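**Q** Please see the structure below; I have some questions.
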Amino acid sequence: MAQSISIVLVLALALLAFAPLCFCGKTSGGYLYPQFYDRSCPKAQEIVNSIVAKAVAKEARMAASLLRLHFHDCFVKGCDASILLDSSGSIITEKSSNPNRNSVRGFEVIDKIKSALEKECPKTVSCADIMALAARDSTVIAGGPSWEVPLGRRDSRGASLSGSNNNIPAPNNTFQTILTKFKLQGLDVVDLVALSGSHTIGNARCTSFRQRLYNQSGNGQPDSTLQQSFAAQLRTRCPRSGGDQNLFFLDFVSPTKFDNSYFNNILASKGLLSSDQVLLTKNEASMELVKKYAENNELFFEQFAKSMVKMGNISPLTGSRGEIRKSCRKINA
């Protein structure tokens, strides 16, 4: 009897010794870990990085587009590549939602990566993981921080147009609405401010901030929290009507460099979107974070990396749930 108890104890201790390996990437949806493809597709990360690097070299804006694609995917049913599905059969694409229509881009880059990975190791690497890796690589290529991406997500067999319309924060949402949308995903105010810092690269369309220039609160007056000469400059290319698709840098100081100048712009009342500026004006905790990140680039980079891992862990499909799509645009037959 004593012998069998000691055997059980030895086994239990042996299992405990390996526990950190198993639980390092525990999420509510299962297990994700950076080494997921080390055996099944060892060149996966190298292939993703190479194609992302070429795409960003060709068009600097693509870094922000790929980063945003991952964000808009994760906020709807988790990081499951539902945003990549085109409409077919019972699936109504998320690409036609208000936050995504004429706005999200980078699909061809994801297609190119998927095609290269299918040649290298068929039916192995998910579209959801491709997006998580592409977001990290885009950040690094633009001069931002790096992080180990937990992997092992699988792809959804459906999309949610209503989820896309309701869950993704909008540029004119109030601070409280934006924070609530983050909290619904298990993210907090620190994640909100750090992830908003991704607006250090990329563009926004005139239609996303026009109300700030002409009629912020329905009284025919511009937004008083927007620096006046900056607003006047924006009006030259963002008229009261027309010019909806005209593009503006989110961070006019260093528009293609991933750095903390976004936060310094906000402190100077030159945040482009209302959702940028409210981080300073509507909440004390977020105001303190804006000041900290404006002062300390390293601190911003560190938190951005942590928050990206946290966002990438939102409700992944793992194990036998979902599938590994052959084409990112449609579910397997």
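Using N, Cα and C of the backbone, Cβ positions are placed for all residues, glycine too.
Any TrEMBL annotation is an automated prediction that lacks curation.
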**Q** With reference to TrEMBL, which of the candidate residues C74, C79, C121, C127 participates in the disulphide bond with C41?
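**A** Between C41 and one of C74, C79, C121, C127, TrEMBL records a disulfide, namely with C121.
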**Q** Cβ distance under 8 Å to C41 (disulfide bond), same chain, sequence separation 6 or more: which residues?
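**A** In sequence order, L117, E120, C121, T124, V125 meet the Cβ cut-off.
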**Q** How many other Cβ atoms sit within 10 Å of the Cβ of C79 (disulfide bond)?
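**A** 30, counting other Cβ atoms within 10 Å of C79 (disulfide bond).
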**Q** Taking each of the disulfide-bonded residues C74, C127, C206, C238, C328 in turn and counting other Cβ atoms within 10 Å of its Cβ, which one has the fewest?
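**A** Per-residue Cβ counts within 10 Å for the disulfide-bonded residues C74, C127, C206, C238, C328 bottom out at C206.
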**Q** Provide, as an integer number of angstrom, the distance between the C-alpha atoms of C328 (disulfide bond) and C206 (disulfide bond).
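**A** That comes out at 30 Å between the alpha carbons.
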